[in-house]
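The transmembrane segment annotation in TrEMBL covers 63-86, 98-123, 129-155, 167-191, 234-259, 280-303, 309-332. Marked as domain 'G-protein coupled receptors family 1 profile' by TrEMBL: 78-330.
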Amino acid sequence: MTVKFHRAGILSVSIEIEEITFSRALSCFPRRVPPQSHTNISFFQPPDFLLIGIPGLEAGHSWISIPFSSMYTVALTGNCLIVLAVRKTPSLHQPMYYFLSMLALSDVGLTLSTLPTTLSVLWFDYRFIGFNACLVQMFFLHSFSVLESSVLLAMSFDRFVAVSNPLCYAAVLTNNVIIKIGMATVTRATLSLFPVPFLLKRLNYCPGKIILSHSFCFHADVMKRACADITVNILYGLYVVLSTVGLDSLLIVLSYTLILHTVMGLASPKERVRALNTCVSHILAVLVFYIPVIGVSMIHRFGRHLSHLVHALVAYVYLVVPPVLNPIIYSVKSRPIREAMLRVLRKKGQG
């Protein structure tokens, strides 16, 4: 069995598993895989796809599930604590913390998108996912990824206003403006990904290509199981990547270029340091989100000699690590958030 990992942006992540015959899939999963007689029909959609865990380490999945379960627990607990802390602390009812709550909610959604199937594979070696369920998971997984990118862009705008024009900060970022920005990010993510499941559902699939490349469903991974022309899917996937994550990253860089220009214009070095310190947490969150994207693209382009395990782990890093690190970053770098989270924990303990 030869495994090749491919990743180019959010919707272009895939591992191509080649030379796995349909008869071998039948021998491993005889009850759920459609019979060989379906190969000659004119249109076929598999009732189920088969998921895989970490290539080459299948025997150790029960042990590997321990760190994965721990990371999922930290991600859900930390991000939910941030949302509760902001909600229950009146002093945190400010634009910066509202955007932080949006980031935490997008991390919760991204975590819940991959958690059920990943832990099913690692804990119980249950590898089946229905065709329609796979499309639903794929929609939410990519939607929350786009949503997180959009929220990071909104947070960079928040930092730009706070640094460049602090006296007008509250007047510019009113509650109504923040609500509109939040609705715009959700609408953008939903509309961008809404056509994707329907573009996949129209395709004719190969009965012998039902094994996916991860423990969750990616757009590029699913569309490569089709025995049809997927040009439209490729072009639309590229459009979504460029119009969301690609555009957001450029605007974030532009925002911080303007911030740096403003900071360099301050007379006092102490004021410069203080202004930059307000941006540190957001910069770290941006790096945590975008570095895995760049890393996977570089590995695909220049690291084909690397082991399949490295390719697989980088894919998990992209989806699992940012929701874990974001609450840690903000709880460490932001004293108000840290104290509010501790108050929530104390109240829960007393209750």
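Even glycines carry a Cβ here, placed using N, Cα and C.
Note: TrEMBL annotation is automatic and uncurated.
Since this is a predicted model, take the numbers as computed values, not measurements.
Of the Cβ pairs linking the transmembrane segment (63-86) with the transmembrane segment (129-155) and spaced 6 or more residues apart, fewer than 3 are under 8 Å, so the two regions do not touch.
Against the transmembrane segment (234-259), the recorded stretches 98-123, 129-155, 167-191, 309-332 differ in Cβ pairs under 8 Å, and the greatest number is found for 129-155.
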